[in-house]
């Protein structure tokens, strides 16, 4: 190994000098004895070795002290020149406006303890400069898929690292076999790294407490080793080939508190983990092949969160009745789950997901769950009895999507703490009467509620921030909207009977507005009142011919008028100086003069023009400026 030496350490093995270190002559560099066997040149300076002698302990101490002091003198109090570091990492082409520079500035403010370079793969070219960050404890290189292995090996020289995130990078078996050099590592994430097949080398990380290997689908060797790591408290193996035999290597008296084996289709028997009584969070979602050992679940008395979604053999809640400390439970899409006896004992539950459980017919048991804050019963096709809902006084979030038997909104009118309500697909609801009592409601979804005709009952929901309304075919009256002064996001789709959109123009605080497939929408003059608008979507509104006031929306960042085939004018488009994303797909009626105005938009980053007559000169100019064109 050649190149730079490490202060107070052998430049070959990157460890403190071993006992019996040797001093080379004439260069006087010091190395471990084992690191210069049969070498004819100094590994650091490449000078020919004329001789060697045993290094004096006082000399070693002196070298370490002097070099560290010299390092401080040369680099000043801040220690690292951010501009120079950014240029080294980016191969010389990095400017002060680059993402790398901004990330390094943030790390400098934190005294170089934490560095997040995730997603900077397009700029990163050379990681050698990271060796200067000897104090670095937390490094994130996730999503840097273009970095080659030789660059990633540099990470292993950062001996002070405690946390390392390498999601979706090119790490492989060689990298994993060498990671034992990071002797203080406690947290490691290498999710989605397809080049890893053997993780046996991770067993050397005796201090490791948290390990995530999610979606490393090519690993075939070493699961048994990492399951036996003594200090492990969190292990995530989602979508891997881990087997029952591997899981049996988890020490029953260990410290493991979180285990995620979601979508691990090799798992068939839960007795493999039955002895791990320390577990507090367990995810078995998507383990379709589990056929044995469900009774082991009742032994996890410390369990706080359990996700057993998609378990085809779960038919009764009896195996869950002893989990009295459980706060989060998900049994979604357990098609055969019918017997709910036992769930009423889980009095500490705060979040319950029963979505897609077609066998559930009654909610009477929830009356005992006084601490419940979130309930999802979406898609429970057999549900006919909603008794118990009215007793959930602490409920804040309720999902009733596609529960076609739910007709009476008044059944939830007493849930005064409700913040989010989803009634999408409840096609038999004819009126929103009762919702006016939910004064704290912030988000409401009404997609596919075809019988609703008016918003009048909800005019008093002053705290409502987000409203989704889609395919409400009989909705005609929007007058109730004008009082929702706190509304920030409004989505109105496919409401074909609406003719008067005036109430929407009174929503002065709205930031995101979507009016799509509204066949009668033709007058947009009221848009000029929505001066705080940042995103505007007018999709498939074929009656619109002109948007003359768009230039007044100075804060607009995203504008979409796609498939407004009769649109001919966008007045003041050139004044949208903050516009970043523009979609004019299918606007075949726009003249070339409108497209010419695109060249005056300084912040434009994405442009969609499929099906429109965009002049070639405009496309060339946008490409030259680096705009993403679709």
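The backbone N, Cα and C atoms fix where each Cβ goes, glycine too.
What Swiss-Prot lists as zinc finger is 10-46, and the listing cites sequence analysis.
For 115-123, the entry in Swiss-Prot reads repeat 'LRR 1'. Taking Cβ pairs closer than 8 Å, the repeat 'LRR 1' (115-123) reaches residues 89-90, 94, 98-100, 103-104, 106-107, 130, 133, 136, 138-147, 165, 167 in its own chain, all 6 or more past its ends.
Positions annotated as repeat 'LRR 2' by Swiss-Prot: 124-148. Residue counts for the repeat 'LRR 2' (124-148) under DSSP (helix as H, G, I; strand as E, B; rest coil) come to 5 helix, 3 strand, 17 coil.
Residues or ranges marked as repeat 'LRR 3' by Swiss-Prot: 149-170. For the repeat 'LRR 3' (149-170), the DSSP counts in helix, strand and coil order read 9 helix, 3 strand, 10 coil.
Per Swiss-Prot, repeat 'LRR 5' is recorded for 196-218. When Cβ-Cβ distances below 8 Å are used as the criterion, the repeat 'LRR 5' (196-218) is approached by residues 171-173, 176-180, 182-190, 225-226, 228-241, 255, 260 of the same chain, each at least six residues removed from its ends.
Taking the repeat 'LRR 6' (219-242) as a whole, pLDDT averages 94 in the prediction. Among the features that Swiss-Prot reports, repeat 'LRR 6' is placed at 219-242.
The feature repeat 'LRR 8' is assigned by Swiss-Prot to 267-289. Residues 238, 242-245, 247-248, 250, 252, 254-261, 296-297, 299-312, 330 of the same chain, all 6+ positions outside the repeat 'LRR 8' (267-289), place their C-beta atoms under 8 angstroms from a C-beta of that stretch.
The repeat 'LRR 9' feature in Swiss-Prot is assigned to 290-313.
Residues or ranges marked as repeat 'LRR 10' by Swiss-Prot: 314-336.
If you look up Swiss-Prot, you'll see 337-359 marked as repeat 'LRR 11'.
Long-range contacts of the repeat 'LRR 16' (452-474) within the same chain: residues 424, 429-436, 438-446, 480-497, each at least 6 residues beyond the stretch ends and with a Cβ under 8 Å from a Cβ of the stretch. The repeat 'LRR 16' annotation in Swiss-Prot covers 452-474.
Sequence annotations record features per position, and here Swiss-Prot assigns repeat 'LRR 17' to 475-497.
Residues or ranges marked as repeat 'LRR 23' in Swiss-Prot: 614-630.
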**Message:** Under 8 Å between C-beta atoms and at least six residues away from its ends: which parts of the chain pack against the repeat 'LRR 17' (475-497)?
**Reply:** 447, 452-469, 503-504, 506-520
**Message:** With Cβ-Cβ distances below 8 Å as the criterion, list the same-chain residues six or more beyond the ends of the repeat 'LRR 6' (219-242) that contact it, or say none.
**Reply:** 186, 191, 196-203, 205-213, 249-251, 254-264, 266-267, 283
